[in-house]
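**Q** Pasting the feature list from Swiss-Prot:
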type	residues	note
BINDING	162, 165, 184, 187	Zn(2+) 2 binding site
DOMAIN	5-70	domain 'J'
REPEAT	145-152	repeat 'CXXCXGXG motif'
REPEAT	162-169	repeat 'CXXCXGXG motif'
REPEAT	184-191	repeat 'CXXCXGXG motif'
REPEAT	198-205	repeat 'CXXCXGXG motif'
ZN_FING	132-210	zinc finger
């Protein structure tokens with residue numbers, strides 16, 4: 001029976017781009033997937049047909065061959081076809097790939113491939129980063145099939161030796177004066193074929209699922225730090241080792257504190273009376289409030305260090321410090337009495353010409369005067 005056109009199977013024009021091919025495949029694969037149509041042989045056949053069409057059209061070389069020769073490019077027994085040596089699952093990037101690499105190196109039977117590593121982005125608060133915490137996360141992943149235990153075969157059966165390569169995982173092809181060694185197109189280098197696949201995973205040995213993990217965040221982590229959980233990534237194909245899971249940390253912005261390394265910074269407003277006369281204030285830390293002594297004549301922007309109130313180093317457990325930057329606040333919403341008092345205070349400063357009370361201002365304006373005097377000379 002004549003095979004249906006691959007473009008018609010996916011419902012796309014022959015001029016379709018890669019994006020259109022992927023979109024059409026995703027839509028049809030979800031509709032006819034065996035997990036959604038259990039026991040429906042028609043849907044199962046349709047799914048295989050869709051998958052075959054996608055694998056050909058998404059590959060540039062295979063698509064080019066199909067456009068030139070049609071289904072004959074992938075069928076055995078066509079002596080006039082360039083591709084007659086290979087079965088439907090042939091990979092043309094293998095056939096026309098690094099020929100000399102195959103001559104001198106040669107492919108070997110494929111080993112079971114380790115599962116892919118996964119990455120999970122986790123947001124935590126500054127308090128959680130400083131003190132450490134345990135969190136549960138749920139991740140989508142491929143896990144080893146519990147029915148076949150990753151073998152991909154139905155219960156009570158085993159994979160059989162590939163008849164094309166006789167279990168070697170590789171075949172030899174004549175290329176003029178050379179014999180080229182290639183990965184077997186039937187078993188894809190495995191050396192075995194699953195003739196009776198598992199009903200649950202359909203021979204893949206893995207199933208899509210979600211799993212919940214408890215992740216311990218040690219004290220001291222910062223944004224862009226990563227935690228590695230061994231063997232918690234995707235399950236490997238054909239029973240191979242699982243990949244790893246990397247938890248990428250992002251620390252949320254805090255309303256009071258900023259972090260630089262193991263030190264914490266915060267701004268503390270004080271009124272100009274305390275700045276001038278000194279006093280004692282309470283400042284926040286991540287462990288509660290502590291008292292901070294403000295000396296007289298404190299200038300705005302001065303840093304005060306409170307030792308041991310920062311972040312513990314994740315490497316050596318040394319504790320950072322808290323640095324408080326005081327900001328002298330200009331009073332607002334003054335009543336008449338307060339304004340009169342400030343005028344009186346200001347007049348007293350003027351009487352001293354600011355030399356004693358505002359030495360910084362005096363230095364600045366003296367510098368400005370010298371600057372303009374030099375310009376007029």
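Cβ from N, Cα, C; glycine included.
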**Q** If you count Cβ pairs under 8 Å, which stretch among 145-152, 162-169, 184-191 touches the repeat 'CXXCXGXG motif' (198-205) the most?
**A** 145-152
**Q** Around the Zn(2+) 2 site recorded as 162, 165, 184, 187, what other same-chain residues have a C-beta within 8 angstroms of the site's C-beta center?
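**A** Here the nearby residues are 163, 164, 166, 167, 168, 169, 170, 171, 185, 186, 188, 189, 190, 191, 192, 193.
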**Q** Sort the residues of the zinc finger (132-210) into helix, strand and coil with DSSP and give the three counts.
**A** 0 helix, 35 strand, 44 coil
**Q** Would you mind ranking the binding-site residues 165, 187 by how many other Cβ atoms sit within 10 Å of each Cβ and giving me the lowest?
**A** 165
**Q** Return the count of C-beta atoms lying within 10 angstroms of the C-beta of residue 162 (Zn(2+) 2 binding site), excluding that atom itself.
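**A** Cβ-Cβ neighbours of residue 162 (Zn(2+) 2 binding site) within 10 Å number 21.
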**Q** By a simple count, how many Cβ atoms lie within 10 Å of the Cβ of residue 184 (Zn(2+) 2 binding site), its own Cβ left out?
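**A** By my count, 27.
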**Q** Could you put numbers on the helix, strand and coil content of the domain 'J' (5-70), residue by residue per DSSP?
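**A** Taking each residue of the domain 'J' (5-70) in turn, the totals are 48 helix, 0 strand, 18 coil.
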